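To start, the structure itself, in structure tokens.
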């Protein structure tokens, strides 16, 4: 794999810069960043009032050290603890978050802090984006998925019965603190789910990185330098795409590899994390995207098999049959896909591939082909 372009910092930390002119920000990666958060924030923001939003799973481990770090740096923090899980990304919980931010009297130089995984980051970022027409926002992601994907790039939002992430705004954070020590407390399933997003970056346009993951995934799972390297490469990859296409007018859509199928499967399971979590849906979706590309004679079936083999080796689901319980029929899944992506003249936009690391945007995929493909793969 080619060397990373992100800066090397003391104590095995990495720094990745998201270049968005006056809205540029740093992603700091390494152990101990939650305890050091107060100093990092104080060096960047003038405000002293902080509203910390977290969930009931993360709070017992990390809320107290974060609050102590903020207070120790002269800040006045308040906190709100929400239920954990995908169903928290809803209007029901958005309103209390907004009220908590207003109640904390957060002003222009103060900040809202998301302490948790992707759900907390997306929800909190949305609240920060709409309260006072935009408040400063800091991401402290505690899951692998959030560290390499959802905390970077400014996409925020909540789910709807019509589909995932359909209500939201673009609102960039002022800082991302990815404390890699927090990943040591994740369940194996949570870590694997986040790893699917790491693999995605190799499959989009970094075949050398995918090959490196095939050879080094065990070291990534074990922790240490390989894990930090994988996170830093992933963050740099996303930062480069976001800098080139912040509002997803073109290139950024490539980051949706596996997500069109994956989001439809999440909706089909009612966002029930016992059946399917986001990263698992992405894993299945990436295999489906490669298989569909092969079906359309765009890619080799060998590439789809290689992707499936790696994801299966690390313990991720790769087939719709791996999802517990019944799935709806193909036409219902197609309806969910239609909500997730724009349909023009009966044709879908998908991220397809010509091979490992050769993904591209296809905006003329016939819905009839997708329906036929799904009918073949839904377990009977």
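Please read every residue number as a count from 1 along the shown chain.
Each Cβ is built from the backbone N, Cα and C atoms, and glycine gets one as well.
Features reported for this protein in Swiss-Prot:
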- 118, 119, 120, 121, 122, 142, 143, 155, 164: NAD(+) binding site (BINDING)
- 197, 259, 278: Zn(2+) binding site (BINDING)
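Between the CA atoms of residue 278 (Zn(2+) binding site) and residue 143 (NAD(+) binding site) there is a gap of 12 Å. Annotation for residue 143 (NAD(+) binding site): spatial neighbours 116, 117, 118, 182, 183, 186, 190, 194, criterion Cβ-Cβ under 8 Å with sequence separation of six or more. Long-range C-beta contacts of residue 122 (NAD(+) binding site), restricted to its own chain and to partners at least six residues apart, with a cutoff below 8 Å, comprise 89, 150, 155, 156, 157, 158, 165, 168. Residue 164 (NAD(+) binding site) falls within a strand when secondary structure is assigned with DSSP. Applying an 8 A CB threshold to same-chain residues 6+ apart, the list for residue 197 (Zn(2+) binding site) reads 144, 145, 148, 149, 234, 279, 282. Cα separation, residue 164 (NAD(+) binding site) to residue 259 (Zn(2+) binding site), rounded: 10 Å.
The two recorded residues residue 259 (Zn(2+) binding site) and residue 120 (NAD(+) binding site) have their Cα atoms spaced 19 Å from each other.
Local packing around the binding-site residues 164, 259, 278 was summarised as the count of other Cβ atoms within 10 Å of each Cβ; on this measure the leading residue is 278. In sequence order, 53, 54, 55, 58, 82, 88, 114 make up the list of same-chain residues 6 or more apart from residue 120 (NAD(+) binding site) whose Cβ falls under 8 Å from its Cβ. In the three-state DSSP scheme, residue 143 (NAD(+) binding site) is classed as coil. Excluding the listed site residues 197, 259, 278, the same chain places 145, 149, 196, 200, 258, 262, 279, 281, 282, 285 with Cβ atoms within 8 Å of the centre of the Zn(2+) site Cβ atoms. Of all the Cβ atoms in the protein chains shown, 25 others lie within 10 Å of the Cβ of residue 118 (NAD(+) binding site).
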